[in-house]
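S.K.: Could you have a look at this structure, given as structure tokens, before my questions?
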Amino acid sequence: MALLNVLIYPDERLKTVAEPVSVFDEELQTFIDNMFETMYHEEGIGLAATQVNVHKRIITIDIEGTKENQIVLINPEILESFGETGIEEGCLSLPGLRGFVPRKETVKVKAQNRQGEDFMLDADGLLAICIQHEIDHLNGIVFADHLSPLKRQRMKEKLLKLQKQIAKNR
């Protein structure tokens, strides 16, 4: 397995809308494994393929981080959503930054698994929030896009400053 490079906001590639997956081969399986490895290495609970510059509709999730309840959603689609909730969200593409995003409390999702088989998933709480967050990525949206223009600009400035510091220390 290999670690993948996570794109950092405001990288324009994060705005790319992902294409559906149609081939479920060994290359896809390896890529999904690499997504999980990257997600765990970065201490995330979810990762969208768009975040690693692969613009396919693939999401990996492990809310507990135990590797025992891994969820793979390929070509996910929210069919129903109910209730109102929200938390201070973080994102591997916006390291160290958080922002409150209103979300639906419960979602019903249609997706495909690693083998291309269709399934339905009913999710609530943190899992529902994570699914919505990751599907946003597949649609070219980062959580900062849900914030006010002023907060979004401050986030960009902080991340650009951080990137300059990292580049300087190399």
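A Cβ is built for glycine as well, from the same backbone N, Cα and C atoms used for every other residue.
Below are the features I grabbed from Swiss-Prot:
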- C91, H133, H137: Fe cation binding site (BINDING)
- E134: active site (ACT_SITE)
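In terms of burial and nearby residues, how do these features look in this structure?
M.R.: In the three-state DSSP reading, C91 (Fe cation binding site) counts as coil. Taking all protein chains in view, 27 other C-beta atoms sit within 10 angstroms of the C-beta of C91 (Fe cation binding site).
Counting only same-chain residues at least 6 apart in sequence, those with a Cβ under 8 Å from the Cβ of E134 (active site) are G46, L47, A48, I59, I61, L73, P76.
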S.K.: Name them in sequence order: residues not among C91, H133, H137 whose Cβ is within 8 Å of the mean position of the Cβ atoms defining the Fe cation site.
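M.R.: The surrounding set, listed in chain order, is G46, A48, Q51, E89, L92, S93, E134, D136, V142, F143.
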